[in-house]
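Look at TrEMBL and you will find A:92-393 tagged as domain 'ABC transmembrane type-1'. The transmembrane segment annotation in TrEMBL covers A:26-44, A:56-76, A:96-116, A:128-150, A:190-208, A:220-240, A:261-284, A:375-396.
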């Protein structure tokens with residue numbers, strides 16, 4: 001008896017390995033990993049075998065072959081003699097441009113509508129309400145078609161008198177035509193002055209903040225910054241002898257009909273496919289952002305406003321210094337999802353001939369037949385863009401997060 | 001729970017493995033399922049176009065029906081899969097369709113790099129340009145500075161780039177995924193020029209608001225031999241696809257039509273006897289019955305009949321035979337003999 005009792009107290013009786021939870025857990029983990037690895041290998045192996053069997057060429061060599069097709073919008077040098085890889089890069093840049101501008105525009109519209117939705121003015125709040133309910137309940141593709149086909153037919157033809165904004169910017173079926181800045185020698189000084197202005201304004205802001213913390217004295221930071229950022233480049237521009245000139249779009253009204261209208265390559269042309277896609281994406285996403293903003297502001301308890309007013313803070317600063325910083329903590333995480341959605345939705349561009357990654361990639365896929373490689377590139381690019389957006393927003397979220405002491 | 005996931009994963013892996021061996025002997029697969037799965041366009045009048053009841057017609061559709069008639073003696077034993085220019089080869093490569101009959105140009109890349117086999121040419125086409133008459137343009141060489149609408153993922157996109165570059169003319173290309181969107185954009189005057197295969201231009205012109213305001217320019221800038229396509233690796237199926245087309249051309253050449261095919265069976269002409277299977281066993285060698293051509297011609301007609309019915313001068317498209325006439329009539333449609 002005594003021996004047995006001692007055994008029970010000292011070491012627990014050793015269970016068989018089969019019943020040991022640690023061993024079992026480890027065993028199943030290993031089996032699971034092996035199964036996943038096997039499955040992955042099997043898929044890759046099968047694909048390769050099947051491709052070989054059907055005489056379909058594979059590999060990434062096609063990226064250096066001449067593409068031979070034109071692309072209507074490209075921010076990097078591209079011509080028909082460039083390679084497929086270059087064509088895909090054009091697509092990547094076009095996707096980034098429309099996503100980036102779309103995110104900025106959607107955020108601005110979304111914040112305005114979100115705040116308007118909470119307005120005490122009945123008309124403004126109901127207008128915002130209607131906007132949100134209509135826009136977010138119509139499929140995005142239909143909205144893209146609406147902006148492209150319906151709005152496109154409403155503007156003048158390429159050869160008719162275009163719609164003009166202050167005689168500087170024009171709109172017709174060929175898109176938006178604006179002056180193009182031409183940088184001559186010496187213009188780098190102006191750009192340097194602009195950068196210097198921004199940097200100095202930033203330093204002044206930090207200094208003013210420190211001084212206010214220490215002495216309570218305020219400094220007119222806004223006007224100083226305004227003067228620095230606008231003033232410095234303007235002075236540099238005048239001193240260096242105005243090295244930047246504007247090239248206005250040229251509208252030809254006579255001669256052969258095909259040569260009439262705005263001339264390709266003179267001035268800046270924003271193609272209507274871009275405008276339609278940008279409008280559709282930002283108007284659609286803005287309706288979701290508006291609701292997120294409303295939720296964020298309403299999440300801040302009304303006591304905060306009352307407390308601020310009790311301290312004698314005016315309405316504007318209350319919103320700017322008390323409400324918004326707290327609301328941002330609620331707003332940012334869902335906002336990130338909307339940014340990701342917008343980026344991914346930009347792939348609907350293919351429906352209206354905007355040469356984004358999916359559209360250009362589709363052409364490459366068809367000309368080369370390398371479906372798996374092209375789809376792999378698509379996934380990789382969208383994944384990278386989404387992860388980059390997430391990383392940035394997470395960083396911003398951490399900055400805005402409540403600092404607990 | 002973990003114990004239950006494992007068999008599923010393994011099962012899935014085995015499933016992937018099992019599909020490897022299943023793509024041989026397409027004819028047996030087709031006979032087993034009872035119909036031919038045929039890849040067609042998303043709507044190109046004269047070639048493959050659905051009517052309001054969903055019935056497909058056109059020269060490409062007739063080819064699929066001929067294939068079904070040869071195998072099943074039933075031209076209705078076909079299911080159609082509408083495919084965009086971009087999707088078509090992937091659909092064929094993956095075996096989603098048995099045959100692709102979708103106004104597809106025969107090129108070296110497609111024949112080799114994509115693992116496909118072209119079964120012949122059922123329409124000799126060439127790329128052309130359509131413009132508004134009001135532009136006052138009479139030749140494609142006057143199109144310098146034009147904005148051109150076309151489809152993505154087609155040879156036209158490459159041809160137009162070559163043509164404008166070779167003639168040193170600036171241009172802008174607006175490329176849509178679907179033909180309907182190209183037509184809409186051209187109709188909305190986004191582009192000055194609509195370019196695709198000439199036959200397609202005649203067909204799409206019917207969809208414009210005022211077809212009379214548009215004209216097809218005389219220049220043909222490329223060779224576009226259009227024909228049915230099958231996967232590589234199944235010679236029997238490739239032979240059936242090839243000879244279905246040849247049979248239709250041979251039938252026209254020998255004067256066998258859907259109206260007279262029954263009485264032609266009694267003909268003394270040895271060529272006709274071999275074609276209609278009253279002599280020899282040419283059908284059986286392919287895995288079909290010996291009266292395979294009778295079935296094709298009886299149900300679908302010969303090549304000339306399908307041409308006239310779908311795209312010929314008496315149809316809205318009004319295309320003359322031209323290159324597509326028989327070799328004996330000044331065209332280049334020529335089929336090897338059945339013997």
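Quick reminder: no glycine exception, Cβ is built from N, Cα and C everywhere.
Keep in mind that what you see is a predicted model, and the values were worked out from it rather than measured.
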Margin query: Below 8 angstroms Cβ to Cβ, which residues of this chain, lying six or more residues outside the transmembrane segment (A:56-76), approach it?
Written below: 48, 82-91, 93-94, 97, 271, 273-274, 353-355, 360, 363-364, 367-370, 372-373
Check: What parts of the chain pack near the transmembrane segment (A:128-150), using Cβ distances under 8 Å and only residues at least 6 beyond its ends?
Finding: 113-114, 116-117, 119, 272-273, 275-277, 279-281, 283-284, 286-288, 290-291, 345, 348-349, 351-352
Check: Would the transmembrane segment (A:96-116) count as touching the transmembrane segment (A:220-240), if touching means at least three Cβ pairs under 8 Å and pairs must be 6 or more apart in sequence?
Finding: no
Item checked: Same-chain residues at least 6 beyond the ends of the transmembrane segment (A:190-208) whose Cβ lies under 8 Å from its Cβ atoms -> 218-219, 221, 224-225, 228-233, 235-237, 240, 243-244
Notebook entry, point to check: Apart from its near flanks, which chain residues at least 6 from the ends of the transmembrane segment (A:261-284) lie with a Cβ under 8 angstroms of it?
Noted result: 72-73, 97-98, 101-102, 105-106, 109, 135-136, 140, 143-144, 146-148, 151-152, 158-159, 162, 170, 172-180, 247-252, 342, 345-346, 348-349, 352-355
